[in-house]
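Features reported for this protein in TrEMBL:
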BINDING   Gln26, His127, Asn171, Tyr302, Trp408, Glu415, Trp416  substrate binding site
ACT_SITE  Glu172  active site, proton donor
ACT_SITE  Glu362  active site, nucleophile
Amino acid sequence: MHQQHALLRQSFGRNFQWGVAISAGQNEGAWNVDGRGPSIWDQFARKQGKIKGSAKPYHSCDFYYRYKDDLMLVKAMGFTSFRFSISWSRILPEGTGRINKEGIAFYNRVIDECLQLGLTPFVTLYHWDLPLALHKEGGWTSHQMLKWFSRFVNVCTESFGDRVKNWIVLNEPMGFTSLGYMIGKHAPGKTGLSNFLPAVHNAVLCQAEGGRLIRAAVPRANIGTSFSCSEVHPFTQREEDIKAARRADILLNRLFIEPLLGRGYPQEPGFTLLDKLHLHNKAWKYTDRMQFNFDFIGVQNYFSTTVKYNPLIPYIQASEVKAATRKVPHTDMGWEVNADSFYRMIKRFWLYGGVKEIMVTESGAFYKDQLVNGIINDTKRIAYFEQYLSALLRAKKEGVNVGGYFAWTLTDNFEWAEGYHARFGLVHVDFNTQLRTIKQSGYWFRDFLHDKI
Ligand code: BGC
């Protein structure tokens, strides 16, 4: 076993970045202290029935106060990079205008602590926690988003750019635009194409503009942005299922990266959602600004998916056939475990051409952990990491320039609409006492990363 690990680890090479990722809205807590303004998630959590167990993100796992201990854990597990996001409303409580110095000071403390411990900070600018004040002005659906976002980026680069060189502009734009502006399962709970399409376009503009602004402000910056992705399979080989899978594939895998690479939005005959997007696009401003030459693309893959034709679902006319129904391996989130599909998605992003480097900026799994005599023996999570890392190595060996892997996530945290029951951490958190317990998967990484190469 040990030898196998050493070999796996060695094969990734010395310069490979090993990291762990968190996000502000899921980890920090301290929602109303030191001048932080409210975010869309603070408000969304107050609405009945939106979040499992009526959970609130207000305290979460208290990273705001416990960052030193948590960074020690990152270090102890052997990681060398740490990805975290900036809470926009902590540094600009109204989203724009006045800067909150205490917010800036907090991130300075986190960054300095990382550097002192020898951890390379990777900063995500936007990981889904929009200031509520901006939402009241239309948020991601507003044309003003580009202006607001630019100011936020500039404040971040001016404040942290002397020490932070690695930047991720957006976290999974498909995630927050679809869940937050089409389906309404996530904050701010908006639905329908009239919200979704402008949100998509503004996110596409902001991701490229964010890259440009960082390039202009930060010398020697390494700039990326992250995408969710999911290999899509038709349920049967019937033509209607195959077409449904194509539509889902466009939304899940192509909508955000193709305009970035200069290909414009995808086209598909008969897919009216895209027709509308193209129609709007003509009227929208700045479409020439959708492109940017990123240093790396962040890939995040949690599941592959199988869909069938379903005329009842507006526009996409497809619905998912769940992994449990198909009796294939899945996590306790119900997400299909399929490391081969992860390998294929990595290759697919690479084969676009124009992608210089791929970083896996999140990868992980929720399994129901059992704390027995102070030990969490999360063997399924360990098996998950083993399979996914082997698949990644396969892609790397076949010539994909993969530069790093970030496990999701450090500690159990606020898992958005799932509240606190869905635990993805390498470290277990007792949310009553804030006691941390390293899971066996955390020790697995420690052994894996401490092997000398
Ligand atoms: C998001 C994380 C989330 C994870 C697991 C990713 O899509 O970036 O914030 O916790 O998925 O659901």
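Each Cβ is built from the backbone N, Cα and C atoms, and glycine gets one as well.
On the structure: features taken from TrEMBL.
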residue: Gln26; record: substrate binding site; contacts (Cβ under 8 Å, 6+ apart): Pro57, Ser60, His127, Thr409, Asn413, Phe414, Glu415, Trp416
residue: Asn171; record: substrate binding site; contacts (Cβ under 8 Å, 6+ apart): Ser23, Ser85, Thr124, Tyr126, His127, Trp128, Ser226, Gln300, Thr361
residue: Glu172; record: active site, proton donor; contacts (Cβ under 8 Å, 6+ apart): Ser226, Phe227, Ser228, Gln300
residue: Tyr302; record: substrate binding site; contacts (Cβ under 8 Å, 6+ apart): Ser228, Ser230, Met333, Trp335, Glu362, Ser363, Gly364, Ala365
residue: Trp408; record: substrate binding site; contacts (Cβ under 8 Å, 6+ apart): Val20, Ala21, Gln300, Glu362, Ser363, Gly364, Phe424
Greatest Cα separation in angstrom, residues Gln26, His127, Asn171, Tyr302, Trp408, Glu415, Trp416 binding substrate per the record, works out to 18
Same-chain neighbours of the substrate site, Cβ within 8 Å of the mean position of the Cβ atoms of Gln26, His127, Asn171, Tyr302, Trp408, Glu415, Trp416 and not counting those residues, run in sequence order as Ser23, Trp128, Gly175, Glu362, Thr409, Phe424
His127 (substrate binding site) -> DSSP, reduced to three states, gives coil
Out of Glu362, Glu415, the listed recorded positions, fewest other Cβ atoms within 10 Å surround the Cβ of Glu415
Cβ density check for Trp416 (substrate binding site), other Cβ within 10 Å (all protein chains) comes to 26
